[in-house]
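Written below as C-alpha cells is the structure these notes are about.
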Amino acid sequence: MIRNGHGEAGGAKRPGPRARRAVRVWCDGCYDMVHYGHSNQLRQARAMGDHLIVGVHTDEEIAKHKGPPVFTQEERYKMVQAIKWVDEVVPAAPYVTTLETLDKYNCDFCVHGNDITLTVDGRDTYEEVKQAGRYRECKRTQGVSTTDLVGRMLLVTKAHHSSQEMSSEYREYADSFGKCPGGRNPWTGVSQFLQTSQKIIQFASGKEPQPGETVIYVAGAFDLFHIGHVDFLEKVYGLAERPYVIAGLHFDQEVNHYKGKNYPIMNLHERTLSVLACRYVSEVVIGAPYSVTAELLDHFKVDLVCHGKTEVVPDKDGSDPYEEPKRRGIFCQVDSGNDLTTDLIVQRIIKNRLEYEARNQKKEAKELAFQEAMRRQEAQPEREIDCDF
C-alpha cells in the first residue's frame with residue numbers, strides 16, 4: 001500500500017465530532033491514461049468520506065479483461081498517487097471488487113461512476129458489493145474518455161482545440177471510433193466537454209501563497225498530463241521546504257506553434273483541470289504568456305522559475321522565453337529523471353492502433369450485451385427474474 005504524505009496537497013482532514021469514526025472509501029480501476037475524468041471521480045468519492053483508498057489493477061488483469069494498457073502498472077500507480085484527493089494507493093487490486101477487499105482495507109463502501117465495468121465474461125465487476133449495499137455511485141464526467149483521447153491522436157486533427165468548431169471529419173470519427181457495428185451505448189464513445197467555472201472551482205485549492213512559502217513558477221503545455229510531468233513537478237515541489245507551485249499553461253494555438261502537428265491533444269480547459277488535480281500544484285495560470293515576463297514574475301512574487309530538460313523553443317521574435325528569470329538569477333533547470341514525453345505516448349498509441357480499436361469494439365460489445373440482458377430482466381414478471389448472463 002502506498003500512502004500519500006504531502007499534507008494539505010492531499011486534502012486536509014475534515015474535523016468532525018470526536019465520537020464519529022472516519023469513513024473510509026474505496027475506489028478501483030485501471031486508471032490508464034489518467035485524465036480529469038478520473039480525477040473528478042476520485043474528487044467526488046473523497047467528498048463522500050474522510051479517507052480515500054484507490055486500488056489499481058495490474059497490466060495482466062487489464063489485458064485479460066479489456067486489452068493492452070497504454071501505461072505500465074508502475075506508471076499507473078504513481079499517476080494515481082499524484083492525484084490530490086487520494087490518501088492511499090493499493091497496487092495489484094483485483095479486477096472484481098469484493099466484500100473481502102473492502103473488509104481487508106476497512107472500507108465502508110466503494111464508489112464508481114454511473115457507467116458499467118464488466119469482466120471478460122460480461123459480468124458486472126461490482127455485483128457483489130451492490131447486493132450487499134456497500135456501493136455508491138458518482139456522476140461520470142461528460143466529454144472525456146480514454147477512447148476520445150486515443151481517437152484525437154489517431155485522427156490528427158485540430159478540431160478539439162479550444163477556439164475551433166468540431167470538423168465534420170472529426171465528428172464522424174468521434175461518433176464511430178471504437179464502436180461495434182450495429183449498436184452503441186452511453187458508456188463507450190466520445191462527447192464534447194463543456195467547461196464551467198464551477199468545475200474549475202471544484203478542482204482548485206483556493207489557497208493563496210502564505211508568508212514563508214517559496215513561490216515557484218513552471219510553464220508549458222502539460223498535454224496528456226502524464227507520469228513525466230508528475231516526476232518533474234514532484235522534483236520542483238521538493239526544491240523548497242514550503243513550496244507554492246504555480247503552473248502556467250499556454251494557449252492551444254501557442255502550443256501548436258511550437259509543437260506542430262495536431263498538438264495539443266487536450267485543449268486548454270482540459271489541461272487546466274488535469275494539472276489542478278495534481279497534489280504538487282497550488283495554482284494554474286490559464287493561458288500564460290510563452291515568455292516569462294517581468295510583469296508575471298512581479299505579479300505572482302515568484303522566487304524561482306523552473307524548466308525541465310526538454311528543448312526550449314525561442315519565442316516568435318527569436319528571444320529566449322526564460323531571459324527575464326535568468327537575468328534575475330532565479331532560473332533553475334530540473335532533471336526529473338523521466339524521459340517520457342507526450343510524443344512518446346502518442347507513438348505508443350499509434351504503434352498499437354489496431355489493438356486499441358479492437359479493444360474498444362470488444363468493450364462496447366460486452367456493454368451492449370449487458371444492457372440488453374438488463375432490459376430483458378426488467379421486462380420479465382417478478383417471479384421469473386432469474387436471468388443468466
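Using N, Cα and C of the backbone, Cβ positions are placed for all residues, glycine too.
Positions annotated as CTP binding site by Swiss-Prot, on the basis of similarity to another entry: 221-222, 229-232, Lys259, 307-310, 336-340. Cβ neighbours of Asp339 (CTP binding site) (same chain, under 8 Å, six or more residues apart in sequence): Gly228. In the three-state DSSP scheme, Asp339 (CTP binding site) is classed as coil.
Taken from Swiss-Prot, the feature phosphothreonine covers Thr341 (among others). Sequence-distant neighbours of Thr341 (phosphothreonine) (same chain, six or more apart, CB under 8 Å from its CB) are Gly228, Thr310, listed in sequence order.
If you look up Swiss-Prot, you'll see Thr342 (among others) marked as phosphothreonine. Neighbour count (other Cβ atoms within 10 Å of the Cβ, all protein chains): 22 for Thr342 (phosphothreonine).
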* So of Gly308, Gly337, which of the binding-site residues has the fewest other Cβ atoms within 10 Å around its own Cβ? -> Gly337
* To do: Please determine which of the binding-site residues listed here (His229, Lys259) has the lowest count of neighbouring CB atoms within 10 Å.
  => Lys259
* **Neighbourhood of Asp231 (CTP binding site), C-beta criterion under 8 angstroms, separation at least six** => Lys78, Ser336, Gly337, Asn338
* Provide the number of Cβ atoms within 10 Å of the Cβ of Ala221 (CTP binding site), excluding the reference atom itself. => 23
* Tell me, how many other CB atoms lie within 10 A of the CB of Thr310 (CTP binding site), whichever protein chain they belong to? -> 12
* Pairwise CA distance, Lys259 (CTP binding site) versus Thr342 (phosphothreonine), rounded so that it is a whole Å -> 10
